[in-house]
Amino acid sequence: MVTPKAPAGTGRDGRRRVTVLGSTGSVGCNTVDLLMRDRAAYEVVALTANGNAAALAEQALALRPEVAVVADEACYADLKERLAGSGIEAAAGCAAVTEAAARPSDWVMSAIVGAAGLAPTLAAVRRGCVVGLANKETLVCAGALVMAEVERHGATLLPVDSEHSAIFQVFDFDQPAAVSRIVLTASGGPFREWEREAMATVTPSQAVAHPNWSMGAKISVDSATMMNKGLELIEASHLFPVPEERIEILVHPQSVIHSMVEYVDGSMLAQLGTPDMRTPIAYALGWPARIPAPSPRLDLAAVAQLTFQAPDTERFPALRLARHALQTGGAAPTLLNAANEIAVARFLAGEIGFLDIARTVEATIEKAGDLPLATLDDVLAADAEARRIAAGMTSTTCAAE
């Protein structure tokens, strides 16, 4: 990981110029909430969304960015009408989202869900700015390429996932050799105690009901399958100079300890807090300073006990698949991520069962084989191939693979 450097505000009166990619999603809305609480400190450059023109326009009218962009071109007319007379530029399309990310700003929140966030995140990185990275898929799909661009352009990645933010806060970047291991904590999701046979009947509404965190549908399903933790394992391997075999996963149902770093002297440092995404978002938004966040304060006496258990990779094979993809390298993590995105979407649409998600991912990786991954075009080609294969899988073919 490139040693982080502190940003300086370049806006009017030294205000920090900010862009939010994916502003209408869960992380994006929480970021907007924090920006609204301290309007004097920030100058908003751009807001982008996928297709929620109404929510995007409401945010734009409140924060007054230079431009508001909706990725879905079919929503452009609606957005333009809602912003008529405001002086705020309206734009649409994936290229416009990437252009918004490339506009001069000091800090960019990368909160677009999935591989769609890769190109805009790279555009921000290539400006050498500070990027708050909530889009873990960027590093899962193209970690080596992205980190090379971070170093080349002098950008700073500040992880926004609660686990990676926790590690960032207690990791000694001046003495990385003193770190013996990283421990990523996981809630275990809503089916932590379920037998695998019972998971065959899981419905989308059950899968999106996370016991601790308030998140979007896709990441909630990823948490339920524990693929989210697998993706975070891959992300951590790129963010921190610690080899894969020394990054462990530990189930911690209370979601109070967000992750830990152990040092060679046996000391273990942890970051604790309530499960509220505004805490890691505020850390990234204010860094290197700390800014107030409206998160509930942690009451350890009320929590009473913290428990831990080893993850079960038989009941949650996504963990095994993710680690194997990381060990395999090449296109394997890209294939894993793309197949998972398609499988989760199909599960939410009622096309496949809950257990078919991991089966689809495994079968897709096996069918795709060894693909080259030296350039961004290679990443996009591998991503497209995995999506094509996964989209054609049925419950029967998944089980047969």
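Using N, Cα and C of the backbone, Cβ positions are placed for all residues, glycine too.
Residues or ranges marked as domain '1-deoxy-D-xylulose 5-phosphate reductoisomerase N-terminal' in TrEMBL: 18-143.
Residue density at Val27 (NADPH binding site): 28 other Cβ atoms are found within 10 A of its Cβ, drawing on all protein chains shown. Val27 (NADPH binding site) carries a helical DSSP state (H, G or I). For Thr24, Gly25, Ser26, Val27, Asn52, Asn135, Glu137, Gly216, the entry in TrEMBL reads NADPH binding site.
Marked as 1-deoxy-D-xylulose 5-phosphate binding site by TrEMBL: Lys136, Ser162, Glu163, Ser187, His210, Ser223, Asn228, Lys229, Glu232. If you draw a 10 Å sphere around the CB of His210 (1-deoxy-D-xylulose 5-phosphate binding site), it holds 18 other CB atoms from the protein chains shown.
Counting residue by residue with DSSP, the domain '1-deoxy-D-xylulose 5-phosphate reductoisomerase C-terminal' (157-240) contains 42 helix, 11 strand, 31 coil. Feature annotation from TrEMBL assigns domain '1-deoxy-D-xylulose 5-phosphate reductoisomerase C-terminal' to 157-240.
The Mn(2+) binding site annotation in TrEMBL covers Asp161, Glu163, Glu232.
Secondary structure of the domain 'DXP reductoisomerase C-terminal' (272-388) per DSSP, as helix, strand and coil residue counts: 68 helix, 2 strand, 47 coil. TrEMBL lists 272-388 with the feature domain 'DXP reductoisomerase C-terminal'.
Taking Cβ-Cβ distances under 8 Å and a sequence gap of 6 or more within the same chain, the neighbours of Glu137 (NADPH binding site) are Val113, Gly114, Ala115, Gly117, Leu118, Leu231, Asn337, Glu341. Each of the binding-site residues Gly25, Gly216 was assessed for Cβ neighbours inside 10 Å, and the highest tally belongs to Gly25. In the predicted model, residues of the domain '1-deoxy-D-xylulose 5-phosphate reductoisomerase C-terminal' (157-240) average a pLDDT of 94. Per-class residue totals from DSSP over the domain '1-deoxy-D-xylulose 5-phosphate reductoisomerase N-terminal' (18-143), listed helix then strand then coil: 63 helix, 28 strand, 35 coil. Ranking the binding-site residues Ser26, Asn52, Asn135, Asn228 by how many Cβ atoms sit within 10 Å of each one's Cβ puts Asn135 at the top.
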